[in-house]
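Undergrad: My questions will all concern the structure given below.
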Amino acid sequence: MENSVTQNGIATVLSNQSLDSSSVRPEIVVQVVDLKAVGNRYTFNANDGNMKMKAMLPATLTSEIISGKIQNLGLIRLLDYTVNDIPGKSEEKYMLITKCEAVASALDSEIKAEIKASTGITLKPKQEFVAKSASQIINEQRGNAAPAARMAMTRRVHPLVSLNPYQGSWTIKVRVTNKGVMRTYNNARGEGCVFNVELTDEEGTQIQATMFNAAARKFYDRFEMGKVYYISRGSLKLANKQFKTVQNDYEMTLNENSEVEEASNEEMFTPEIKFNFVPIDELGTYVNQKDLIDVIGVVQSVSPTMSIRRKNDNEMIPKRDITLADESKKTVVVSLWNDLATGIGQELLDMADNHPVIAIKSLKVGDFQGVSLSTISRSNVVINPDSPEAKKLKSWYDAEGKETSMSAIGSGMSSSANNGSRSMYSDRVFLSHITSNPSLGEEKPVFFSTRAYISFIKPDQTMWYRACKTCNKKVTEAMDSGYWCEGCQKKDQECSLRYIMAVKVSDSTGETWFSAFNDEAEKILGCTADELNNLKSEEGEVNEFQTKLKEATWSSHLFRISVSQQEYNSEKRQRITVRGVSPIDFAAETRLLLLDISKNKTS
């Protein structure tokens with residue numbers, strides 16, 4: 001009987017144990033309860049409504065579980081199986097299933113059956129409540145005069161947090177909280193267009209949805225900022241961490257067959273903003289990274305509005321700087337741009353004397369003055385949020401913070417050597433710690449300090465690039481003469497050379513390759529890229545270029561490095577970048593060794 005378990009099925013199986021082994025085993029339908037992985041197999045309790053029995057699925061059925069065909073609380077039909085004693089518990093049995101088939105997906109609960117006088121226990125499957133497309137929902141609304149609240153009782157809307165790539169049909173109700181521009185591209189498969197939106201549900205969970213070509217043209221005008229939509233018939237995949245803009249392991253793709261309907265006749269909702277705060281004293285690790293961060297702090301000062309000329313189009317845009325502090329006794333400057341500068345920024349200026357607490361979502365971390373924060377188009381600012389973090393921070397500030405001496409997080413750091421805002425004597429590791437952990441930097445870059453020797457510099461590598469003298473970005477040769485800078489949108493007759501090179505480093509535990517950029521490479525080589533280029537072009541009996549490289553090898557340095565992951569030919573590799581270089585301070589090294597000896601004696 002479809003969508004039902006076999007009444008007294010397990011009792012029938014156990015009673016058949018006393019029969020000849022050649023007798024036909026009854027095919028029964030049971031519910032899968034407490035499904036879990038044990039090694040490369042899965043175990044569960046087979047439930048017929050009256051009894052439960054331990055059971056095990058073979059490894060050959062793992063793909064059925066991963067694909068979602070066999071689900072916890074779902075129904076399966078047992079086609080071939082054996083019943084064995086549990087070792088040491090002769091009175092308990094378990095089923096070893098060798099062949100089965102899925103009957104129904106997950107039910108609402110473990111046992112919600114009413115015992116019938118007929119052949120089985122009828123259970124209502126979850127799908128009778130679930131799989132309604134967005135268009136079906138809207139058509140029901142339009143064709144039924146019942147109140148919206150009553151209609152909502154027949155609709156099953158999935159929260160974003162419950163979605164995964166293995167689900168079948170689903171419907172979500174979301175608000176568009178950010179809409180990108182339509183972009184065009186040209187690759188080996190031809191030209192195309194793409195745009196994406198950020199969607200937020202009532203619980204504050206976010207996901208990015210991307211549309212290509214026909215779907216992009218179909219939905220670009222339909223999606224409007226701030227409006228709420230029902231969406232169905234999309235697909236999910238693991239998010240590319242390099243490009244994702246929201247905190248979600250998955251990203252959504254909508255095609256031309258996806259359904260998007262505006263929820264115009266129902267009560268709207270304002271999504272709850274979910275924050276993942278980073279303390280101010282930990283912002284250094286995010287400098288110039290792609291990660292967007294959330295921060296909470298007490299307003300120390302608010303500047304007047306100023307106008308900044310944008311480089312790419314010379315447009316004047318408003319900017320306002322605010323200084324925030326938190327319990328780490330560090331401060332940071334946050335730049336508000338455009339409407340945030342003139343709107344919320346003015347509110348903050350009016351109430352600055354009261355030192356309000358503000359929470360800001362989606363900030364970019366830059367290297368101005370060492371460490372600085374900047375809003376972007378999707379940033380959200382909440383004044384005096386009603387949250388435990390805000391109350392705790394305000395209590396601290398009122399009790400002791402206002403009298404505490406604060407220091408800027410970026411003090412003592414230059415904009416070219418942001419290195420996790422730590423000294424060369426913190427997070428000290430050997431090279432083997434990095435090379436033996438290939439997953440380091442997978443989620444976000446991690447920072448270390450190390451002492452090592454430059455053991456080799458490839459003389460035939462591309463060691464520099466032509467750079468604009470104004471912005472240091474790469475330039476190209478102009479058609480007639482000079483060099484064109486895309487960043488400054490201007491042509492200059494001259495350019496400068498800036499280092500971008502790889503060096504092999506070694507210590508007592510191993511060796512690896514570091515990437516070094518201009519300022520750090522100059523400290524390693526002791527000359528500028530222009531000077532080294534002149535040496536390379538000189539002719540003579542002594543190759544001054546090779547001599548300069550040899551002089552730089554087998555010299556010991558302290559390095560501040562970042563470790564991240566990059567993808568090359570579909571293969572992930574570690575990228576170790578030099579963030580700071582300094583000579584050996586032997587007195588400080590001695591103190592560090594004495595500290596290590598003291599720790600070892602104590603332990």
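Placed from the backbone N, Cα and C atoms, the Cβ positions cover glycine too.
Feature table excerpt (TrEMBL):
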- 5-104: domain 'Replication factor-A protein 1 N-terminal' (DOMAIN)
- 158-262: domain 'Replication protein A 70 kDa DNA-binding subunit B/D first OB fold' (DOMAIN)
- 287-384: domain 'Replication protein A OB' (DOMAIN)
- 447-593: domain 'Replication factor A C-terminal' (DOMAIN)
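Looking at the shown structure, can you explain where the listed features end up?
TA: With DSSP states grouped into helix (H, G, I), strand (E, B) and coil, the domain 'Replication factor-A protein 1 N-terminal' (5-104) comes out at 18 helix, 54 strand, 28 coil.
For the domain 'Replication factor A C-terminal' (447-593), the model's pLDDT averages out at 88.
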Undergrad: Take the domain 'Replication factor A C-terminal' (447-593) and count its residues per DSSP category (helix H/G/I, strand E/B, coil), listing them in that order.
TA: 34 helix, 70 strand, 43 coil
Undergrad: Using DSSP, what is the helix/strand/coil residue split across the domain 'Replication protein A 70 kDa DNA-binding subunit B/D first OB fold' (158-262)?
TA: 10 helix, 50 strand, 45 coil
Undergrad: So how many of the residues in the domain 'Replication protein A OB' (287-384) end up helix, strand or coil by DSSP?
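TA: Output for the domain 'Replication protein A OB' (287-384) reads 14 helix, 54 strand, 30 coil.
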